[in-house]
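Report on one structure; see the data block that follows.
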């Protein structure tokens, strides 16, 4: 029970860190997670966890690297293959060699092999940590692509070098010729193992489909288990599990590109599942770092073997050494490449690339995987100091990227805003993505219903394409006022029908309730929303006091509501047609089109057989799904930097108007 509560608490902190990042976007999510973990551990009643190093490596490194391989844009990275290999392989081994000797010379208590291990684990960069800065930093596109490719490859090369260095420390035996040969065999063997095992797993999944086993949940579960199976089997075979999972991820990405159309739903569910899994794993890694910092720091600061200021100085010197090696490597390569850039341009690009090399999850996972004991039974030399230095370098590189990169590259200002979609473009993209998501829902049972919903969305897309001029706050406010006037006209028409004895009872009450819900969706600010809600509640109370009962479920009553709705909509259209102000006419156009569609649809449905009830019920369900798809599309666009935070509020209103039109279809259960 205690372990369950700990895991539950950590997951809650991951969610909290992302909420804090939305409130204070200047601070990257990993820094919030580290801080929350440290606060939790420093609390006298906080969490104190012991880690199995090997389990930590399998649990975090295997899925993280597998996903890196799956999501890497291979075509774009192939164009940068020379730069990526120089950074991911050449720079890693230069860092291990130079950094190892430098660390050993600066801190003689760290054996040379352990110093190589520390340098190796500090060499991989973490693109995930840098991506949290992307919304406010204008890094050139080429540098971002270079960092993605480097992060994929240097994770593998750095961790392989790290394992060799740790093995040399544990066994006390190291031979350069033998190590070089072993490295080649283990690396090539790992790559082959990853490809072969991935191919076998894909063959298994294909075989299951041919047997008629199309359960998406089961296939996604196989995907989640894949990196762990590949890593464990490769390590058991004596080859590199790290390279195996990277190769397996790339092979799965290639296979996914060639999958048949019927697997589209699987790809969508798989992407969502992996997104959640990686969100949790990355968050847990940084939270666990925060949890370890108080204990590791306490060991170092209380030990008479270490001077506190000297230990902190080691972190600063090692970080500067890593930056210097990276800067010189990148600058010399860019000078030799003769890309036509001036010396100043090369200097700035090299500096940006250097500071973007943030250390993160893989560095930490590797550090925690250092064994506790050597083969002779003695403790691993200065393991706590190595953990302390690793954690310090991660923190310092994150802070440097957070503070210095925005100053060098520029915050997301006018130039960054120009990369945002216009509100008009964003609306069309939301609708297009919703249509694409709806197409993935189509099967033999729901084809007619979903295509009807898609038709509605395509008509809305065409309306937006035909609209001219801007869609700013003034336009939205004018449209809101016009729609409120139309609803008022509907309510007056309904009241007139009731007074004339042509409507009443349950159908009139139901239609009035739906008009009230539409008004609440379109209400303006919070004060207006509260006032509108209070009025709606008062109306409902009056209906109850008059004895109005909920609508009985029957076809005749539904037909009566349809007829009433057609009449009230025609009254609203008449009111809108009387508009003479040219500026308001433009804002009224979408409202008029919406009402025309409602009248056309309901007029066509009058007198339909009972089968229409089931059709409408299913259509209502998919319309609600589509609204959620719109909100999901908006969130993903915001996270991808396609829309600004300010524009997001306007797009929420746009989605609310779509939801309002759904409530106008009065055939609710």
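Cβ from N, Cα, C; glycine included.
Just so you know, TrEMBL annotations never went through curation; they're auto-generated.
Residue ranges 23-44, 45-66, 419-440 are listed, and TrEMBL annotates 45-66 among them as transmembrane segment. The highest tally of CB pairs under 8 A with the transmembrane segment (216-233), across 239-256, 349-374, 386-408, is held by 239-256.
Within the chain, the transmembrane segment (268-291) has long-range Cβ neighbours (under 8 A, six or more residues past its boundaries) at 10-11, 13-14, 17, 29-30, 33-41, 46-49, 51, 59-60, 63-64, 67, 70, 128, 216-217, 219-220, 223-224, 360-361, 364-365, 368, 391, 394, 437, 440. If you look at the transmembrane segment (311-337) against the transmembrane segment (349-374), you find at least three C-beta pairs under 8 angstroms, all six or more positions apart, and that counts as contact. If one looks beyond the transmembrane segment (156-176) by at least 6 residues along the same chain, the residues whose Cβ comes under 8 Å of a Cβ in the stretch are 61, 65, 88-89, 92-93, 96, 100, 111, 113-114, 116-117, 120-121, 123-124, 182-183, 186-187, 190, 240, 242-243, 246, 362, 366, 370-371, 374-376, 380-381.
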